[in-house]
Amino acid sequence: MATVRICVCGDEGTGKSSLITSLVKGVFVTNKIQPVLPQITIPPTIGTPENVTTTTVVDTSALPQERSNLAREIRKSNVILLVYSDHYSYERVALFWLPYFRSLGVNVPVVLCANKSDLAADHTEAQVIEEEMLPVMAEFKEIDSCIRTSAREHRNVNEAFFLCQKAVTHPIAPLFDSKESALKPAAVAALQRIFYLSDKDRDGYLSDKEIEDFQMRCFDKPLSKEDLVHIKETIQKTHPDSVTPFGIDCRGFIHLNKMYAEKGRHETVWIILRAFQYTDNLSLQESFLHPRFEVPPFASAELSPEGYRFFVNLFLLSDKDNDGGLNDAELASLFAPTPGLPASWADGSFPSSTVRNEAGHVTLQGWLAQWSMTTFQSPKTTLEYLAYLGFESSDRSNPSTTAALKVTRPRKKRKRPGRVGRNVVLGHVLGAPGSGKSALLDAFLARGFSHTYRPTIQPRTAVNTVELPGGKQCYLILDELGELEPAILENQAKLLDQCDVIVYTYDSSDPDSFAYIPQLRSKYPHLEELPSVFIALKADLDRTTQRAEHQPHEYTAMLNMPSPPLHVSATWSSIQEVFVHIAEAAMEPSTAFPRSEEDVEGKWMAWGIALGAVVCAGAAAVMIWRRVSGSG
């Protein structure tokens, strides 16, 4: 909502105070009025732009002794009503007033007002505009609009102040470059995005149905067939190729809005921009890009069913060649209404972080996995891109982009039996250099095995779906920490909050590989508070004895782990079972912790109870048999 502060300037005797009085009283005041009126505040009335709360009108004096007060009021205003009434005061507009405003360093719109039109009956409206106003407007681009008024006849008085309000609420300067006679780049970019979002079938044209939907969204009233025909005819006069049987193309849409701006109908352009959440500086509203969304400790953010539907539909619309994958051109087109790929995607080497087909194009599975990971790691990023990409909530009680997300239940006591209430889980893959961590991530994404060793410096992430026993699916994120491993493992609070499982890996053919794991757990004892999975990689090679205090199976037995290390090779097809095991450990964390003495005692007690029940049942059967035999 805007508060408009109008500073009324001009030479003495041009009728500034009379204009203000006529506005307030509704009629011309014949009595002598004071030279400078006190400041007045006008509440919103019928005809006031809808986003104006209050309007303050400030009268000023042009006398030299009042120059400091004049400068102060000009600097406080957000629009200037510059009044002239005769040839002399008109000449002073270009010679003194407009250069004076510039000298003060103010950057506010100016409404040029030719007052006392009742005294210039020999000049028509068109003559005044063409001979007086247009030359000045051409020289001084800060002039937003012009109007001819008469305070005595109460002619165009309200309209003059309405133009001032509109100059603040619907400024022309951010939209149109009068010197170049073209829309400014930021305005073109905003309108291109609006066209893209309104083109629901992504065929490059706004069909009649899409134009009607656009009309209702922006103006909340239907478009008549006559108006639609007129719009098309208007575009065809300049760009005949922009109107086709399929509809209006983007060039025609931009040209139509340029014409609105050129002809003083920039209010129409602003209505369109604001319907799509644009601010006065042509950026998207902060509350729209970053709505309030909080994730409690030990909880996580995931896409809701509506969020998944949106990204599925976006994928299907963008896969123009219907090959089941998004190539570079299709991805570029999809992200056209955004600043580009999310920074986290670029840092994570997208698209190599997710599932691709044989041609290297991102599959639907990979697309959804990538957004699931993004939402888990940075829900604010997902919300921002949902806004850029045009997500519209179907939930009237929550029209925000937050309808596409949900928050999982906090998981605090991981050792308590049961599944966690989430569908996206994160595992850190740890191990000595050369243990096979990168090959494990490649196998997770069904990539071919590479015999070339490349040490991981930058963190690397892979995300994919895993089907659990029973048919339920979850998204598993595996990351190799690279040089950031010490920093991530030292941050105990963040590690315990975000990580769901630790995957310890070692090269079963390298005698020095396993020793890294006990050293790591000793250095970061809080790792014991996370579910753990131990994996012996490179099982296709000859297994060797590890140069460690304890052999891997002895170490896991000493920890009372539920199972010894899993032996597997990235070259084996059975490696997919390892990812199911990791996902199960994350989804049911109690199964991946060392068994406590209570667990063992509980098992013996259960065996004892079961054995006792069997013995009692047997004794009872013998007693019954004897009674039956005795009675016989």
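Quick reminder: no glycine exception, Cβ is built from N, Cα and C everywhere.
The annotation GTP 1 binding site is assigned in Swiss-Prot to 10-17, 59-63, 115-118 on the grounds of sequence analysis. Positions annotated as Ca(2+) 1 binding site by Swiss-Prot, on the basis of sequence analysis: D199, D201, D203, Y205, E210. Per Swiss-Prot, the feature domain 'EF-hand 2' maps to 306-341. According to Swiss-Prot, the Ca(2+) 2 binding site annotation covers D319, D321, D323, E330, on the basis of a curator's inference. For 408-418, the entry in Swiss-Prot reads compositional bias 'Basic residues'. Under the heading GTP 2 binding site, Swiss-Prot lists 431-438, 467-471, 537-540, citing sequence analysis as support. The feature topological domain 'Mitochondrial intermembrane' is assigned by Swiss-Prot to 625-632, with sequence analysis given as support.
Location within the structure of each feature annotated in Swiss-Prot.
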| residue | record | CB count, 10 Å |
| --- | --- | --- |
| G13 | GTP 1 binding site | 12 |
| L63 | GTP 1 binding site | 12 |
| D201 | Ca(2+) 1 binding site | 12 |
| D203 | Ca(2+) 1 binding site | 14 |
| E210 | Ca(2+) 1 binding site | 18 |
| D319 | Ca(2+) 2 binding site | 20 |
| K437 | GTP 2 binding site | 25 |
| L468 | GTP 2 binding site | 14 |
| G471 | GTP 2 binding site | 6 |
| A539 | GTP 2 binding site | 22 |
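Around D321 (Ca(2+) 2 binding site), taking its Cβ as the centre, 11 other Cβ atoms fall within 10 Å, counting all chains. Apart from D199, D201, D203, Y205, E210, the Ca(2+) 1 site neighbourhood in this chain, defined by C-beta within 8 angstroms of the site C-beta centre, holds K200, R202, G204, L206, S207, F246, G247. Within the same chain, residues at least 6 positions away in sequence whose Cβ sits under 8 Å from that of E330 (Ca(2+) 2 binding site) are S318, D319, K320, D321, H361. Each of the binding-site residues G431, G434 was ranked by the number of other C-beta atoms within 10 Å, and first place falls to G431. For the recorded Ca(2+) 2 site, residues D319, D321, D323, E330 set the reference point as the centre of their Cβ atoms, and the other residues of that chain within 8 Å of it by Cβ are S318, K320, N322, G324, G325, L326, N327, H361. Spatially close to K16 (GTP 1 binding site) yet at least six residues away along the chain are V8, C9, G10, D59, T60, V83, N115, judged by Cβ distances under 8 angstroms.
Cα of D203 (Ca(2+) 1 binding site) to Cα of G13 (GTP 1 binding site): a span of 61 Å.
Under DSSP, residues within the compositional bias 'Basic residues' (408-418) fall into helix, strand and coil as 0 helix, 0 strand, 11 coil. DSSP assigns G10 (GTP 1 binding site) to a strand. Using Cα positions, the member of the binding-site residues L63, G434, K437, L468 nearest to D199 (Ca(2+) 1 binding site) is identified as L468. When the binding-site residues D199, D323 are scored by other C-beta atoms within 10 Å, D199 scores highest. In space, G471 is the closest of the binding-site residues L63, G431, K437, G471, A539 to E210 (Ca(2+) 1 binding site), judged by Cα positions. Under the three-state DSSP scheme, G431 (GTP 2 binding site) falls in the strand class. DSSP gives E210 (Ca(2+) 1 binding site) a helix state. Secondary structure of the domain 'EF-hand 2' (306-341) per DSSP, as helix, strand and coil residue counts: 20 helix, 2 strand, 14 coil. Cβ neighbours within 10 Å of Y205 (Ca(2+) 1 binding site), excluding its own Cβ and spanning all shown chains: 21.
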